[in-house]
Ligand code: UDX
């Protein structure tokens, strides 16, 4: 058992603290936000993350606002927000580096620009990027597809990997580890933009995106995941990390054309979806960037809403407050009242099972735009809707 410090009690820090405690380590978790630390001491968690509250309840974790000096390993899980020009603000990381004790292994989990660890004087520093998906963070931490540990001190990197138990490990140097994180999220973004353009092409040539991606996903070289078209990709990582990698490439005079195109395609997708939405009174089904989270950061739904002229309301099972001038209502039926068009923007499973005839009755003109391919097309049409479905010619489905 090791004494481990975690700095930052956000989504990554809390998951890290809870899971390391679950793996049998003695964990102290520090955050500068006193009110948050007080709540955590009372076992109150603000995050919607399956399994997290249970782990925090099961294990004794010390929550504190005091910097944890007496630790063998110190995990840095502080935010590195993008500044005005897309560059990461590393103030919080440098604050930690300035305080860490000499014989502590510093573990950088925060996503930092390629080359950051190399510029940190503290030894050993191990780069250990996180690959946690919101809504699956605990599962991703405890059963990772791989743990990446990079350091000039390979022994320190091995010791960090061992904290996770018996897991697949990629052992490398700091800079390679930092780049792996950006490479993964950027590759996913490229894959999604590719599929979103294919969906647009399907609508034009009369092909069906579900059939096309089924034919693609059975090819193991392509892989089955991240082939669902949507309103564009968003969230706290993909937009930020793609921009950061483009900045790194530009600084090195490397022309990363595929990635630039993926980002441009995503902007195009948002505009294209907004143009599909006709009507003065618009109802949005879903606001979060994906299902299973209450996170609205860089949500394509909000980007699309900003482009709409007309009166915009929304229903989202995870959101109860008005946002960005959008009135948020409590039920899909309320949303349908007097609307010209409904638009599915998040793939919440409950949207597949709405009472379509009841919704159609409440609308002025029953039109449904489905950007996620989640509604049962035949039932929706039977209920009297005109269905416009991304990737399906004339809404055929
Ligand atoms: C992502 C990475 O998956 C994770 O490894 C990293 O650590 C953080 O960023 P997350 O932001 O939680 O995780 O979302 P993810 O599930 O990857 O989805 C990203 C975006 O792509 C969402 O907007 C989602 O709706 C969209 N998406 C995903 C699609 O449109 N189609 C798909 O098939 C998959």
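Any Cβ shown, glycine's included, is placed from N, Cα and C.
Automatic prediction, not curation, is the source of TrEMBL annotations.
Pulled from TrEMBL, these are the features on record:
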| type | residues | note |
| --- | --- | --- |
| BINDING | 31, 36, 80, 111, 134, 240, 297 | NAD(+) binding site |
| BINDING | 131, 132, 133, 134, 181, 226, 227, 228, 229, 230, 234, 290 | substrate binding site |
| ACT_SITE | 237 | active site, nucleophile |
| DOMAIN | 283-377 | domain 'UDP-glucose/GDP-mannose dehydrogenase C-terminal' |
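Rounded to a whole number, the C-alpha distance linking residue 80 (NAD(+) binding site) with the residue listed as 'active site, nucleophile' is 11 angstrom. Confidence over the domain 'UDP-glucose/GDP-mannose dehydrogenase C-terminal' (283-377), given as mean pLDDT on the 0 to 100 scale, stands at 97.
Only 131, 133, 134, 234, 237, of the recorded positions 131, 133, 134, 234, 237, 297, place a Cβ under 6 Å from an atom of ligand 1. Non-local neighbourhood of residue 111 (NAD(+) binding site): 80, 88, 129, 130, 181, 182, 237, 240, 241, 244, each in the same chain, at least six residues away, with C-beta under 8 Å from its C-beta. With all protein chains in the displayed structure included, the most crowded Cβ environment within 10 Å among the recorded positions 227, 237 is that of 237. Candidate binding-site residues: 131, 133, 229. Nearest to residue 297 (NAD(+) binding site) by Cα distance: 133. Take the CB of residue 181 (substrate binding site) and look out to 10 A: across all protein chains shown you find 23 other CB atoms. On a Cα basis, residue 227 (substrate binding site) lies 38 Å away from residue 31 (NAD(+) binding site). The binding-site residues listed here are 229, 234; among them, 229 has the most other Cβ atoms within 10 Å of its own Cβ. Taking the Cβ of residue 80 (NAD(+) binding site) as centre and 10 Å as the limit, one finds 21 other Cβ atoms among all the protein chains shown. Close to residue 36 (NAD(+) binding site), meaning Cα to Cα within 10 A, are none of the binding-site residues out of 133, 227, 229, 234.
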